[in-house]
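*Asks:* Could you have a look at this structure, given as structure tokens, before my questions?
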Amino acid sequence: MSMLFYTLITAFLIGIQAEPHSESNVPAGHTIPQAHWTKLQHSLDTALRRARSAPAGPIAARVAGQTRNITVDPKLFKKRRLRSPRVLFSTQPPPEAADTQDLDFEVAGAAPVNRTHRSKRSSSHPIFHRGEFSVCDSVSVWVGDKTTATDIKGKEVMVLGEVNINNSVFKQYFFETKCRDPNPVDSGCRGIDSKHWNSYCTTTHTFVKALTMDGKQAAWRFIRIDTACVCVLSRKASRRA
């Protein structure tokens, strides 16, 4: 009887040691495929090992919420499904102006080759020809100081400002487009019949994959950024008696 009891206790202890602790490794509210999370966890383990050997000051800064110069595995950036033409990791600031047509072209699945040629083509063939106007005026810029954002589940997450890849510091940029003015003309949107319609310009959003922090863990998440300026219409009430 004592031998059977000892065997059961031993099996129970082995089972506890062999049980995977996945809940402590996976960020809450995130659904990463297991293969991808394994690679991400490997890079985090590497970063933690380096952090333990670093001075106490930088470690305390990271724990306090700093999201700069976090070491990540370069293999994470080879996943094609994680790429977005509106998200850029670069060691230097990108050009001030960018071609939104190129961004849409790349989203559709075309290979981003010969970008210089497309830029020249766009500059020689403007979007609006003589006599053509935009209903709403928009402005597009590369944003490199984003610290927080809203994820696809409505939760506010911390955005990684910089990452360390192969001992080089890359900054995370987001190409955002928003309305320059909600009312480009006194009546609202340009070219709309104000006698029958109310109108105004508003910024719309989309979700892109970005590197974020959740607690002490880095992970890819869909975050919301500004991507377009559109005209909103509503029919005016009839004045019939």
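If you go along the chain as it appears here, the first residue is 1 and each next one adds 1.
Every residue, even glycine, has its Cβ placed from backbone N, Cα and C.
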*Asks:* Which residue in the list C179, C189 does Swiss-Prot annotate as forming a disulfide bond with C231?
*Replies:* C189
*Asks:* Other than its own, how many Cβ atoms are within 10 Å of the Cβ belonging to C231 (disulfide bond)?
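*Replies:* Other Cβ atoms within 10 Å of C231 (disulfide bond): 19.
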*Asks:* Sequence order is fine: just name those recorded positions in C136, N166, C189, C201 with a Cα within 10 angstroms of C179 (disulfide bond).
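*Replies:* The recorded positions close to C179 (disulfide bond) (Cα within 10 Å), listed in sequence order, are C136, C201.
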*Asks:* Tell me the Cβ neighbour count for C189 (disulfide bond), meaning other Cβ atoms within 10 Å of its Cβ, over all protein chains shown.
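*Replies:* For C189 (disulfide bond), the count of other Cβ atoms within 10 Å is 24.
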*Asks:* Any idea what the Cα distance is from C189 (disulfide bond) over to C201 (disulfide bond), rounded to a whole Å?
*Replies:* 6
